[in-house]
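Engineer: So that we are looking at the same thing, I have put the structure below in structure tokens.
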Amino acid sequence: MKWKIATISICLFIFFKDFRPSESYITAYLMAPEWKNLTAEQVNNEVYPVWVYTNLVCLLVILLVTDFLRYKIIIVIAALCYVTTWFLLLFGEGVPLMQLMQGTFGFATASQVAHTSYLFSSVDPKYFRQISSYIHSCSLASRFCAACLAQVLVSLVKTNYFILNVISTASVCIALVISLALPSVSTSFYFTPNPKSQNQNDYLKNSKGNVNEEEIQKLSCDNSKIDEDITSEGTNSEKPKIPEKLLKEPDSVLFKPGTEKEFDQHSPGSVPEVVSKNEAVEIVINDMQPKKLADTNTIKDRFKAGLRQMWNDFQKAYKNQRNLTWSFWWVVVVCGKTHIGNYIQSLYEDIEPNPMSNTSYNAAIDAAALATCAASSFGVGFVKIDWNSYENVLLFSVNVIISALMIVMAHATKIWLAYMCYIIIRISYHTVLTIATYQIATFLDTQSYALVFGFNTFLALVLETILTIIVVDKRGLNLDIRTQFIVYGGYFGVLALPFLARMFYCFFYKRRSMGFKNENT
């Protein structure tokens with residue numbers, strides 16, 4: 001029952017924190033003379049880059065501490081950052097406060113990995129795929145409803161952008177209340193594992209480190225057989241089997257656990273504590289029982305053990321070549337997609353500069369893109385294709401399509417042409433991203449999902465930070481918005497080349513192999 005409450009609670013949290021009708025018009029709001037009155041250069045080159053830098057730093061920290069802090073505190077802090085972001089949008093003035101607004105928003109968005117990890121630590125692994133679907137569906141449904149409401153209010157009710165931000169503020173405040181009410185979790189994947197959810201032998205080995213596997217198997221209370229009399233009095237007490245070497249040793253050489261080490265460290269005159277055979281058996285059995293990690297390890301030990309396990313999972317995940325291929329595409333495309341999302345409204349404003357126009361359809365386009373993306377992502381799950389056989393063709397093709405559409409958008413003079421290109425880009429991206437996410441997940445252990453996708457996201461942000469510094473930031477090239485989209489189009493075009501090269505390599509390698517096979521026959 002508890003996991004159902006946690007699932008419903010986190011889904012409600014995700015719905016309300018993503019229900020932000022003002023987001024489709026945020027650039028117009030910042031540039032509107034009656035509201036923030038910032039110039040296009042200030043918005044694009046001074047305010048928006050702060051989100052990229054903050055997101056990168058915060059994501060790195062969150063990846064390291066979220067599991068250790070057991071998720072809820074990160075979710076609550078993220079909710080506070082969302083509330084702070086929208087209060088700054090309502091009452092803040094000037095570039096510095098708008099930069100602070102982007103900074104708090106950067107932390108909030110970086111913490112999204114905590115939502116999935118929170119639920120994964122609360123439910124049985126057999127529900128993981130179902131839970132992932134719930135989270136993704138709640139987010140899409142929330143953003144779709146927010147976009148529809150924004151378009152209705154702007155076009156029909158003639159609502160101004162300030163009211164949209166008030167609605168967004170109310171929604172994230174509700175999300176904050178829900179985050180405070182989230183059930184706490186007592187375990188996590190790496191730093192506070194639940195021994196009940198693991199194989200008992202693994203748990204014992206991890207917590208003791210110096211115990212022989214054969215001995216653990218014999219001492220396992222769940223699988224032990226009842227031994228005959230093992231006491232000198234000949235009682236019929238029921239005890240688990242113990243290692244034969246303990247029974248064969250004379251009483252005079254049975255030591256309490258740990259005294260051998262102490263004996264080595266003490267002076268030559270000291271001797272370990274001698275106990276009877278029965279007492280030694282009881283000590284060993286009791287010592288081998290699972291205990292709470294907090295009782296047997298210090299916080300420092302838990303943290304080190306967790307980092308070691310994370311490193312082991314990381315190495316295991318990225319040793320697979322196919323996983324590397326899909327992850328590479330995932331990283332470079334998420335980077336480009338984030339740039340498009342950050343600056344698409346600025347391009348709209350450049351094509352049709354009318355920030356308070358009641359005929360703006362930004363929200364409607366966002367809603368249409370979300371609906372079609374959800375449909376395509378859902379439909380691709382029913383396509384019975386071995387995507388690993390066509391990965392190079394697929395990834396090359398989608399990069400070329402996005403590259404061409406970006407360049408078309410950069411030269412567009414009609415807003416509807418830009419709208420259509422944007423929708424096609426979103427459909428292409430989300431469809432193949434769904435395939436890539438599934439393909440990557442097939443190579444991972446369940447507990448590695450958040451780690452691997454979090455690291456992939458971090459790499460995407462590193463790449464995005466480099467792009468922002470060079471292309472967008474006023475300390476770099478400081479390019480105008482249309483030139484930026486031409487650069488992004490070239491970026492996708494260049495990233496298509498490795499897949500083209502790999503496609504030709506596989507083709508000629510296959511032909512060569514077939515030629516050798518024919519010669520041998």
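In case you wondered, yes, glycine gets a Cβ from its N, Cα and C as well.
Found this in TrEMBL, in case it helps:
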- 48-66: transmembrane segment (TRANSMEM)
- 73-91: transmembrane segment (TRANSMEM)
- 162-182: transmembrane segment (TRANSMEM)
- 324-344: transmembrane segment (TRANSMEM)
- 364-385: transmembrane segment (TRANSMEM)
- 392-410: transmembrane segment (TRANSMEM)
- 416-438: transmembrane segment (TRANSMEM)
- 450-473: transmembrane segment (TRANSMEM)
- 485-508: transmembrane segment (TRANSMEM)
Engineer: Under 8 Å for C-beta pairs, could you tell me which stretch among 48-66, 162-182, 364-385, 392-410, 485-508 has the largest tally with the transmembrane segment (324-344)?
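Structural biologist: When the Cβ pairs under 8 Å are tallied, 485-508 comes out ahead.
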Engineer: Counting only pairs at least 6 apart in sequence, do the transmembrane segment (485-508) and the transmembrane segment (73-91) share 3+ Cβ pairs under 8 Å?
Structural biologist: no
Engineer: Other than its close neighbours in sequence, what residues sit by the transmembrane segment (73-91), given a CB gap under 8 Å and a spacing of at least six beyond its ends?
Structural biologist: 10, 13, 17, 20, 22, 26, 29, 62, 65-66, 97-98, 100-101, 104-105, 107-108, 111-112, 114-115, 118, 162, 165-166, 168-169, 172-173, 175-176, 178-180, 182
